[in-house]
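Have a look at the structure below, then the notes.
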Amino acid sequence: MTKTETEKERAEAPFQHKMSGGVDSSASKDITAENPFPPKNQRPSFFLSFWQFYCLSIAITISAIGLVSFKDMAFVIFSFFYTFILSKVAFPLTVSTPRTPVFKQDNKWLKSYIQVAAIIGLLLPTGYIFEGILEGDEEGAKFAAPHLFLLCFQVFMEGFAFSSKFSLGVSAFVPISYNTRRIFTLVDWVRDEFGREGIVGSMWRLQAGQWLAVVNLVLWCFNLFCFLLPVYLPLAFEQYYKPKV
């Protein structure tokens, strides 16, 4: 196989995104140990995957209709600039710390976990919010919006943080910081759902909102305290600081 054909295959490799913070799917499968860096002839870093585009659209929509507070928007802006600062000061991508994935791409358990998290944390709250807007339950939609807004921007930011342009230290910071912030919004969501004084819409919607808030709180607490902090973060730092030969 010629060099031109090899570069063409690498450039056409699909850009996949993983939300939990466990898989760096931007690394090409055919990268050898002697050449740990991704090929130069790859898709531009500004290319948006389907999930990035989807999440950015949802975040902009719920912001435009007034469901997102200023403090959540401020957090997103702060995290964007702080991530860039970390990538230059604390966790730069150097020759001695090349960008390689923490987990294997064919990890079926992790893929299933990410899919379940996407359904519970992303798709169901999206349907709940827009269904509430149609039924006139703007209060319920506003309760769920902060979590969805932050999760959408987490996915959007991870699309760049897990690319070959950033180190594993930055890749660990993005999901951990956003997950931590969302825990507080989820606690507020649960409290608001169970503290409603009147029923707007159907009883089914009220119960669905309560269950959705509780399940998301449990899921993302587990993700932070049982996966990201004790499992992913140590592995990412170990690989980042391990000298490459």
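Including glycine, each Cβ sits where the backbone N, Cα and C put it.
The following features are taken from TrEMBL:
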type	residues	note
COMPBIAS	1-12	compositional bias 'Basic and acidic residues'
DOMAIN	49-241	domain 'DUF7733'
REGION	1-27	region 'Disordered'
TRANSMEM	46-67	transmembrane segment
TRANSMEM	73-91	transmembrane segment
TRANSMEM	112-131	transmembrane segment
TRANSMEM	211-233	transmembrane segment
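A Cβ distance under 8 Å defines the sequence-distant neighbours of the transmembrane segment (112-131), meaning residues of its chain 6+ beyond its ends; these are 18-20, 22-23, 55, 58, 62, 67, 140-141, 144-145, 147-148, 151-152, 155, 205, 208-209, 212, 215-216, 219-220, 223.
For the domain 'DUF7733' (49-241), the model's average pLDDT works out to 91.
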